[in-house]
Amino acid sequence: MAFVSDCAIVFFSQLLFFGIGWIFFMRRLFRNYEVHHLAVQIVFSITFALSCTMFELIIFEILGILDKNSRYFHWKVGIFSMLFTLIFLLPFYISYFLVKTIRLVNNRATVLFLAVGFWLAFLYMFWKIGNPFPILNPRHGIFSIEQGISRVGVIGVTVMAILSGFGAVNCPYTYMTFFMRHVSNSDIQSLEKRLTQTMDMILSKKKRIALARRESRRFAASSQLKSGIWGMFSTATSSTENTSHLQAEVDAMEELSRQLFLEIVDLHCTRQRMEFSKTLQGKYFDFLGHIFSGYCIWKIFISTVNIIFDRVGKTDPVTRGIEITVKYFGMQFDVLFWSQHISFFLIGILIVTSIRGLLITFTKFFNAMASSKSSNIIVLVLAEIMGMYFVSSVLLMRMNMPVAYREIITEVLGLLQFNFYHRWFDVIFLVSALSSIGFLYLAHKQAPEKHMDNSYF
């Protein structure tokens, strides 16, 4: 009876997560795009529900909700369902919609045949991903859960590390007033004046082109009467050369006007950020930017140390931090009790921020990239990334949990090389963070020259 009630709790929570994924899909991803296939919406919502269920089971592990055997059963079902979705269901649908975008392929049987071919190619590449990495144990069977999780983990951890490295650098760069360029109203007015002058010159040259073409037609008509075909041809040739030169100038100036317009928009955004930074909320974000700067420096340092010394922590960071503090101050403190509660709180924050951050990123990316033809493909790719991201989050979050709560997760995930994923995360995070620093440094250094250069004419 307890097992039935546990199944009911998990089932209804999955329905809730499915509904949240459905609402997010309809209100955020597809506000401006019509859904062309109901299956896309269902698959996206299922992937979201399975992802949230894994995080829910982590919370259940810490709080001791559900029977231990029930948690193990639902972990198994959840992991197998997620692997089936990520390796079979989503890739096949992506292949199917990719083939349907090919105009030459209209026959349904041909579409299915090519979709299966693309899907088999994906399976081959997915299988080959595991070859260069030390992620497998010799005792793994070919159809074992470890075979799928290990490869999904490599892709997901790579995506997580890239996003984390860029976010750790971009967040302080975005919110700290130290990195903001000073933009005055005169700078904006100067660019707006140059844009107005450019538009006036474009209008003037287009008038000259229109007049030249009208004169060409008039002279062609009169020349035909006076000197026949040869006179008409020579007049038209000279007029075409003149208008072609003017049209080339117009094209160049239109491109310049587009650049000026984008720069004006950028300056207005920078000006608004400057005004926002003076408010109470802006100062709060500036404070957060300083905190993230410290985190970024610390994370880059600790990742470098971990890579050089091939180091992976054996104790979760919370327990280790409390142990060091208690030992340093000589306090009487129940380390195990408080580490469990603080770990639960921090893991809850990690789960909420991970889901929120990923959904915000998905919304921005989708709105920037989607069109009426590609929207279904893009949302399926985002669902694939989301599933891999959350599976990898479980792999890495395991280290943040006290040892007592890792037992079932470790048993379900099998004999994976967990230390490899932490080292791989450190390597990719370091590369991503340093690359982001270099990119943002160049962008910040060139921005003043770009906006304040007066040599437009």
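Glycine too: its Cβ is placed from the backbone N, Cα and C atoms.
Positions annotated as domain 'Golgi pH regulator conserved' by TrEMBL: 142-209. Among the features that TrEMBL reports, domain 'Abscisic acid G-protein coupled receptor-like' is placed at 276-445. The transmembrane segment annotation in TrEMBL covers 12-30, 42-66, 78-99, 111-129, 149-171, 287-309, 342-365, 377-397, 424-443.
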Would you say the transmembrane segment (287-309) and the transmembrane segment (424-443) are touching, if the rule is that at least three C-beta pairs must lie under 8 angstroms and be 6 or more residues apart?
yes
Among 12-30, 42-66, 78-99, 287-309, 377-397, point out the range having the most Cβ pairs under 8 angstroms from the transmembrane segment (149-171).
377-397
What residues in the same chain, six or more past the boundaries of the transmembrane segment (111-129), come closer than 8 Å to it by Cβ-Cβ distance?
87, 91-92, 95-96, 98-100, 102, 105, 151, 154-155
If I take every residue in the domain 'Abscisic acid G-protein coupled receptor-like' (276-445) and average their pLDDT values, what number comes out?
72
For the domain 'Golgi pH regulator conserved' (142-209), give the DSSP counts of helix residues, strand residues and coil residues.
59 helix, 0 strand, 9 coil
Beyond the flanks of the transmembrane segment (78-99) by at least 6 residues, Cβ under 8 Å:
37, 39-40, 43, 46-47, 50-51, 53-54, 57, 105, 111-112, 114-119, 122-123, 126, 145, 148-149, 152, 376-377, 380-381, 383-384, 387-388, 391, 412-413
